[in-house]
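I have placed the structure first, in the form of structure tokens, so that the comments after it can refer back to it.
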Amino acid sequence: MDLPVDEWKSYLLKKWASLPKSVQDTISTAETLSDIFLPSSSLLQPEDEMFLKELSSSYSVEKDNDAPLFYREEGNRKFQEKEYTDAAVLYSKGVSHSRPNTEDISLCYANRSAALFHLGQYEACLKDIVEAGMHGYPERLQPKMMVRKTECLVNLGRLQEARQTISDLESSLTAKPTLVLSSYQILQRNVQHLKIKIQEKETLPEPIPAALTNAFEDIALGEENTQISGASLSVSLCTHPLKGRHLVATKDILPGELLVKEDAFVSVLIPGEMPRPHHCLENKWDTRVTSGDLYCHRCLKHTLATVPCGSCSYAKYCSQECMQQAWDLYHSTECSLGGLLLTLGVFCHVALRMTLLARFEDVDRVVRMLCDEVGSTDTCLPESKNLVKAFDYTSQGESEEKSKIGEPPIPGCNVNGKYGSNYNAIFSLLPHTEKHSPEHRFICAISVSALCRQLKADSVQAQTLKSPKLKAVTPGLCADLTVWGAAMLRHMLQLQCNAQAITSICHTGSNESIITNSRQIRLATGIFPVVSLLNHSCRPNTSVSFTGTVATVRAAQRIAKGQEILHCYGPHESRMGVAERQQRLSSQYFFDCRCGACHAETLRAAAAPRWEAFCCKTCRALMQGNDVLSCSNESCTNSVSRDQLVSRLQDLQQQVCMAQKLLRTGKPEQAIQQLLRCREAAESFLSAEHTVLGEIEDGLAQAHATLGNWLKSAAHVQKSLQVVETRHGPSSVEIGHELFKLAQVLFNGLAVPEALSAIWKAERILLVHCGPESEEVRELREMRSCLLDSSFVPVGPLV
């Protein structure tokens, strides 16, 4: 996903193994980017490019004239099954493969409008109706579309427009009575029904505008930090010989305080599951729903009404504005490279986009500093002592003068000492060139070389054909492949340590269930220069959340003045043990973690955390040991082999998965019976706070909620809460999500005092971690408003 597809990696590893040792040594011992890039690039042969071209053709993003009909029929099948979301996505795939101003695209837009109507997305439905008309929607089908348009307008309260649409429809039917009698009669009944509906709406009082609290709350930082763009005045940028650049608190900070709000300098949406290779005969077209089908490829906004790129079938956007911005900034170059970029991976794609978004003359100037001084490690390896000289390319003379009269500027800062979210800061992020394996450097360098050659070929073709399509690839940019390639290679190496996973909270649950499970999904890979200043801790004092491409960093606890502000890079103490955390951080980020959590765990005796622990079948005390586990209760002599307990746990997990499948397929009663058997088995050898017991209780809560047994569901959520709290802590975002679920159950069960209490607890925690713009916080506030409404009269909880 981040790196090239396995076939290309394997191919290059074989090529690396076949190289003479002298060539391997040249690349392995290279100290500059140009010393890595130039020898590697010279090794890229025509047969290598042909192999990569064949691989890329398997992930083609060209429009297929036969695809719209297939996707429309698949969408129709889902529509008949009332799976309207899946239907909308399939119609969108049809739109993406359609040519403008064809019946194919107009029918796909029209059908998608029907799916959006059933999902209550009336504004999006109206836009699709307009698009269908613009692309030549057949006149014979227009009356049906006008009825749908009227229904949308009525539901939106736009009654004058609804009346005009009805009038236009009646005039059209009178002027061209082409419908068969039965269809005409059905249409007339629909028209009369809509007229009555409009009259009823007109007698209702004006709707009250949505409360301001339901709108997106401004989370501006207030007064601007003059040292760091996008940061609050509560933080300051410092340097340290061991820590490097890092952020510290300038005052005492309270939980929930906003510290950094930064838009990604670059982000690339992750395709999710890779598209099936087109040589797979069993499925020529992919019907799977991935993140690439649900989110705007520029701003990452969730949308079912995607706007397609006019030239490829892959890129999709939330609006014409986003599509045009993407085209102007980078997609005009990337569009024809779609299959190649999918093959080379997200990191290569991000590296290309980072360079495209920079001012090209700056890129040339920066990387020429590296390439012109092939023998100098001072400018090519920013880890070296002449750090400032390597970075301050914006005004080198002024910087040298400044360093004579005082402290040198912090790397990435401009001549005024400000660190911004710009290419200068991006370039200052460390690539750790010497720490990457020789094989990894070779794979990256060859991949970038192949991309550069294709860029040059596209540029020559564009000039020959005088095509504006690839105008972003300027002749100057492709004139020197060393400059272009060295910049992208640097960025590709930077990304292993500096890329940020942009995530979103995904709510899942069966169609019948009103309560939802929350899980974090990775949407995109982004680069955030300011967020990258945060050092890691396995027990961080901040929470990072995302709204589209904007990262928000909040204090997760009290942070004292002078204390370092820390972020978790992924390996968190509540998710994995110290040994696994240390291994992951060392292999990906090249450092040995010495945070408080790692230090405390190393000092403790090696014992499994309670959420992974086994218990004694006799006295329920925790078991301890390595290959053979003994009861921790001194008066109990019970012992058992670890392998035996692990085998039992694996069998139990399979049984839980079977129960979850029953729940997903609409069989809650059977799921309950299966889960109760699982719970009985689990309690005989697992600790009361074991994660699997939490999953069982969560499944029972879902099943009872599906059946409307709200109080029983709430009781199981309470037990699941105990497991989550043991693992993640009482103030964690995970507890916030679980309390949100409890609030939903109690709200639906009309248990007013209990629901209000759960809402208050959930909101208090989620505000700290996610802020007031969180969807869950908004829903909690809506539930509270409803419960406190004087007109709300509970009829007693449903059992």
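Just so it is clear, glycine is given a Cβ too, placed from its N, Cα and C backbone atoms.
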> For the S-adenosyl-L-methionine site that Swiss-Prot assigns to Arg112, Ser113, Ala114, Asn535, His536, Tyr569, which of Phe51, Phe70, Phe591, Phe614 is also named?
Replying inline: Phe591
>> If you look at how Swiss-Prot annotates this chain, which of 296-335, 336-375, 456-495, 736-775 comes out as zinc finger?
In response: 296-335
> Which one is it: of the binding-site residues Cys296, Cys309, Cys318, His331, whose Cα lies the shortest distance from the Cα of Tyr569 (S-adenosyl-L-methionine binding site)?
Replying inline: Cys296
>> Mean pLDDT for the zinc finger (296-335), rounded to an integer?
In response: 95
> Hey, which of the binding-site residues Tyr569, Phe591 is the loneliest by Cβ count within 10 Å?
Replying inline: Phe591
> Which chain neighbours of the Zn(2+) 2 site, leaving out Cys309, Cys312, His331, Cys335, have a Cβ atom within 8 Å of the mean position of the site's Cβ atoms?
Replying inline: Val61, Gly310, Ser311, Tyr314, Ala315, Ala326, Trp327, Ser332, Glu334, Ser336, Gly338
>> Using other CB atoms within 10 angstroms as the count, which residue among the binding-site residues Arg112, His331, His536 scores least?
In response: His536
> Which state, by DSSP, holds Cys335 (Zn(2+) 2 binding site): helix, strand or coil?
Replying inline: helix
>> Using Cβ atoms only, which residues of the same chain lie under 8 Å from Cys299 (Zn(2+) 1 binding site) while being at least 6 residues apart in sequence?
In response: Cys318, Cys322, Gly548, Thr549
> Once near-sequence residues are set aside, which residues in the chain of Ala114 (S-adenosyl-L-methionine binding site), 6 or more away, have Cβ atoms under 8 Å from its Cβ?
Replying inline: Phe79, Cys125, Arg148
